[in-house]
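To start, the structure itself, in structure tokens.
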Amino acid sequence: MLKQRVLSAIVLIAAVLCALFLFTPFYFALALGAVAILGIWEWTQFARLKQPLIRFFVTTFLGVFIFLWLYTEGNYLDAGRVFEQHLQLLLINAVSWWGLALLLVISYPKSAKFWSKNPLLQLLFAFSTLIPFVAGVLRLRLEHYTHDPYHGLFLLLYVFILVWAADSGAYFSGRAFGKRKLAPKVSPGKSWEGVIGGLITALVLAFIFIHFSNNTLVGDRNITGFIILSVATVAISVLGDLTESMFKRESGVKDSSQLIPGHGGVLDRIDSLTAAVPFFSYFYFFVL
């Protein structure tokens, strides 16, 4: 099992790095679209769409919409421009959705009676999770793209590394000190001590990146605000994890799929990032 997980992780990392460094913005966007479509396929089971044919139809319909959306933006993406007319609205939608998700998680299982048997509402949740995630990733990746193609890459990797490192910090802190359960009805393994460990990890990492980047990450933004945003982004990433756990628990599945050997499905790998990336993008570009 461990060998399988390690091999899968190596392949995943190689694929991500290849897409980040070698793909043009348009093809990078198409790769992201493929990830989103796989996420929708997995999400259809949360919406209690049990028949494979119905799941395939719904996924195909939404997948065509996503690819047409990205295709029509192809020239703008290659010019370093990302959904300029709709980006802020998409990210505001994401921030609002995660505010609602917090209420759903806190009140679970009582909240389930409002959404668990409503496929359309569940698919709306999927849209509010995955589409702003794609837009946020692209906006970060293409920041100052025409002047420096790697500036946005550094910014995007910062968010990814921040979330992944904080997740590791939370894991080890929870193992060592975890006593008080964070959300026992949703994810019994998570503790408040683990969350605090993750936030401390994020704080330390933010200082390190700011110091060694010579303020490239921050730009003309307030450093204190950037650090607060980094820590808040990690806090929101925990909500992304908890929200997917809630949907899986309600639908009676352990993993979103078995697509990635030893790691579960696509949603299992990006659940934290689907909350973190739009949240960070909105406040980084429109608030700070």
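Every residue, even glycine, has its Cβ placed from backbone N, Cα and C.
The annotation transmembrane segment is assigned in Swiss-Prot to 10-30, 52-72, 89-109, 118-138, 152-172, 192-212, 223-243 on the grounds of sequence analysis.
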The transmembrane segment (52-72) vs the transmembrane segment (118-138): 3 or more CB pairs under 8 Å: yes
Candidate ranges 152-172, 192-212, 223-243 - greatest C-beta contact count to the transmembrane segment (89-109) (under 8 angstroms): 223-243
Intrachain neighbours beyond the transmembrane segment (223-243), with Cβ under 8 angstroms and 6 or more residues off its ends: 98, 101-102, 104-105, 129, 159, 162-163, 166-167, 170, 182-183, 186-187, 190, 195, 198-199, 201-203, 205-207, 210, 215, 217, 271-276, 279-280, 283-284, 288
